[in-house]
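Visitor: Attaching a single structure in C-alpha cells format; questions to follow.
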Amino acid sequence: MAADGQCSLPASWRPVTLTHVEYPAGDLSGHLLAYLSLSPVVIIVGFVTLIIFKRELHTISFLGGLVLNEGVNWLIKHVIQEPRPCGGPHPTVGTKYGMPSSHSQFMWFFSVYSFLFLYLRMHQTNNARFLDLLWRHVLSLGLLTAAFLVSYSRVYLLYHTWSQVLYGGVAGSLMAIAWFAFTQEVLTPLFPRIAAWPISEFFLIRDTSLIPNVLWFEYTVTRAEARNRQRKLGTKLQ
C-alpha cells in the first residue's frame, strides 16, 4: 500500500475505446454526432436484452450475423491497412486502420437486414393494410437515416474518409443481403429441430419462423389469454 500522500501509478494507461468518442470542443453538431456514433453499442445492448427476454432463434441468428460482419470488417482492415485521415488525430482509437469503417459497415448491415426482414419476412395478417405499410415505411426510413447519420458522423469527426465509410456501407449491405439469404434458406428450416433440442428446451429457446407476423401474434394471444383469465377471475368472485 502506498504511503499517505503518495500514489503508485502504472507506467502507462489505456482507455476503453468502445465508447470513447472525441469531438471538437464547443461544436454542438460534433457533440450530437459523437453521441449518435455510439448507436452500434446501443444496438448490441438491445440485442442482448432482447435475447435474454425473448430467446428467439432468429434474433440470435441476427446477432450472429452482426458479429460475423464485425469479424469480416476486422479482417479487411488488416489486409488493406489504409490509415485514418489527417494522420490519425484520435490517438485513443482502437485501431489505426480505417478502411472500411466498422461503424458504417455495422449500421448498414443492421439497417439493410432489418429492411429485408420487414418487407420479406413479416407479412400482413390483419385488415389494417394501410397502417401496416405506413409503420414499415416509417421504420425503414428511420433505419436508413440512422445508418447515413452514423456514417456521416465518422467523417465529420475525422475518424474516417468518405471512401472508408462508403466502402463500409457497401460491405455491410452486401453482408446483410448474404446473411439474410443464408438465414432464410439454410438456417430457418433447421430452427424447429434446434428448438427441440434438450438444451434449447432447458433455456426456453423458441422458434417463431413459421409465424408470419410475430408482433401481431403475440398481441392477439396475450389479449385473448388476459380476457380468458379475467373471465375466470370474475366467475370466482361471484
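For all residues, glycine too, the Cβ spot is worked out from N, Cα and C.
Worth saying up front: this structure is predicted, and the values here are computed from it rather than measured.
I grabbed these lines from Swiss-Prot:
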TRANSMEM  33-53  transmembrane segment
TRANSMEM  100-120  transmembrane segment
TRANSMEM  130-150  transmembrane segment
TRANSMEM  162-182  transmembrane segment
Visitor: Looking at 33-53, 100-120, 130-150, which one has the highest count of Cβ pairs under 8 angstroms to the transmembrane segment (162-182)?
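Guide: Between the stretches 33-53, 100-120, 130-150, 100-120 has the largest tally.
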Visitor: Which sequence-distant residues neighbour the transmembrane segment (33-53)? Criterion: at least 6 residues beyond either end, Cβ under 8 Å.
Guide: 18-19, 21-23, 59-60, 62-63, 66, 103, 106-107, 110, 146, 149-150, 152-154, 156-157, 159
